[in-house]
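Chemist: One structure is given below, represented as structure tokens, and several questions about it will come after.
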Amino acid sequence: MKEDFKVASVFIGTIIGAGLASGQEILQFFSLYGTKGFYGILICCFLYIFFTSIIVRLCFRYKFHSYKEAVDFVLGKRTGFFIDLFLTFFIFGSNTIMISGGGAMLHEYANVDKAWGIFIMAGLTFLAAVFSTKGVVAVNSIIVPLSTITILIMGILVFINIPSPYNFQISMAAAPSVKKNWILSAVLYSSFNLMSATGVLSPMISESRSGKHFIRGTILGSLVLIGLMLIINSSILIYAPGSFKSEIPNLYISKKFGNLIPFILTAVIWLEMFSTDVGDLYSLSNRIHHSFKIPYITSLLIIMLFSIPAAFIGFSNLIKLLYPPYGAVSLIFLAGSIIKFLGTNRNKA
């Protein structure tokens with residue numbers, strides 16, 4: 001059971017990120033679709049549980065040491081080469097954004113020089129990633145419970161302080177125009193999160209003697225994530241239209257309940273940036289380490305050598321543009337994983 005919780009914390013930590021903790025991802029992929037967003041979240045729940053069970057079984061059976069090995073096996077080396085390039089670029093971009101964003105938050109809220117903020121974020125991420133799997137597990141075992149508790153408290157405060165019985169209808173009427181492609185949005189959101197999780201889980205699974213606690217852990221993690229997503233989505237809709245216009249919807253909502261919750265939430269968002277960055281760095285380093293036979297620590301240093309200068313430039317707009325195609329590319333991998341899983345099972349039979 002202890003191992004199940006460790007896996008759940010890593011799975012949650014990989015997906016929850018600063019985007020979910022801030023509420024921005026939930027707003028973009030679910031809240032903008034009105035009440036249909038709740039159905040989208042339930043679709044996410046099914047996709048998380050269904051695909052993680054397949055991915056875990058494939059990773060455990062074939063002992064993939066990185067997402068590249070998983071992609072090559074599922075899609076073949078030719079197609080896998082191009083998919084791997086895109087995924088590597090995206091994960092590197094995410095890593096850079098987390099360093100840049102973490103440094104910016106230290107500058108804004110702790111009055112630290114922005115350059116020093118970037119160096120502090122990069123240094124702490126490097127130190128955690130040095131410990132490889134143990135570092136990823138330790139970071140998420142601390143940060144995930146804190147994030148979960150903070151979002152739960154905010155949700156409780158929202159529900160016991162609903163302005164009026166008719167606020168939801170009034171809010172939705174005043175909210176920006178609601179989008180229609182809610183199913184596609186839910187599928188794309190699930191797919192790029194599952195691909196990111198594959199990058200972190202595959203090297204962990206290769207070191208494990210049993211895949212069962214990974215299956216149980218990802219199911220537990222999926223259920224916790226869906227619960228948090230439902231809370232955040234409800235809160236955003238209740239406090240529309242103001243929450244729709246905010247860059248950090250959860251922070252906008254939390255400010256309704258004094259100064260302590262916003263302060264804690266700000267810290268949680270920074271910590272989620274940190275945990276996401278540790279996962280990205282771990283995933284990328286294992287990809288380089290096993291592909292080029294470069295020592296793991298050297299791989300970390302190479303990535304940081306490129307990430308830190310890039311963090312001063314900022315790729316936020318680029319990453320925003322890459323999210324939908326990243327989801328589409330991830331869908332190709334997920335579809336391939338089903339075909340490969342069914343094919344290998346049929347051959348065994």
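Glycine is no exception: its Cβ is also placed from the backbone N, Cα and C atoms.
Automatic prediction, not curation, is the source of TrEMBL annotations.
Note that the coordinates shown come from a computational prediction; the quantities given were computed from them, not determined experimentally.
Relevant sequence annotations retrieved from TrEMBL are reproduced here:
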TRANSMEM  39-60  transmembrane segment
TRANSMEM  81-103  transmembrane segment
TRANSMEM  115-131  transmembrane segment
TRANSMEM  143-162  transmembrane segment
TRANSMEM  182-205  transmembrane segment
TRANSMEM  217-240  transmembrane segment
TRANSMEM  260-282  transmembrane segment
TRANSMEM  294-315  transmembrane segment
TRANSMEM  321-343  transmembrane segment
Chemist: So, do the transmembrane segment (294-315) and the transmembrane segment (81-103) meet, by the test of 3 or more Cβ pairs under 8 Å (sequence gap 6 or more)?
Modeler: yes
Chemist: Considering only Cβ pairs under 8 Å, which range in 39-60, 81-103, 115-131, 217-240, 321-343 makes the most contacts with the transmembrane segment (182-205)?
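Modeler: Stretch with maximum Cβ contacts: 39-60.
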Chemist: Do the transmembrane segment (81-103) and the transmembrane segment (217-240) come together with 3 or more C-beta pairs under 8 Å, pairs six or more apart in sequence?
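Modeler: These two stretches do not touch.
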Chemist: Below 8 angstroms Cβ to Cβ, which residues of this chain, lying six or more residues outside the transmembrane segment (217-240), approach it?
Modeler: 3-12, 15-16, 20, 23, 26-27, 30-31, 34-35, 37-38, 41-42, 44-45, 48-49, 52-53, 56, 148, 151-152, 154-155, 158-159, 162-163, 167-168, 171-172, 174-175, 197, 201, 249-250, 252-253, 256
Chemist: Give the nonlocal contacts of the transmembrane segment (321-343) in its own chain as ranges (CB under 8 Å, at least six residues past its ends).
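Modeler: Long-range Cβ neighbours of the transmembrane segment (321-343): 51, 54-55, 57-58, 70-71, 73-75, 79, 83, 86-87, 90, 93, 187-189, 191-192, 194-195, 198.
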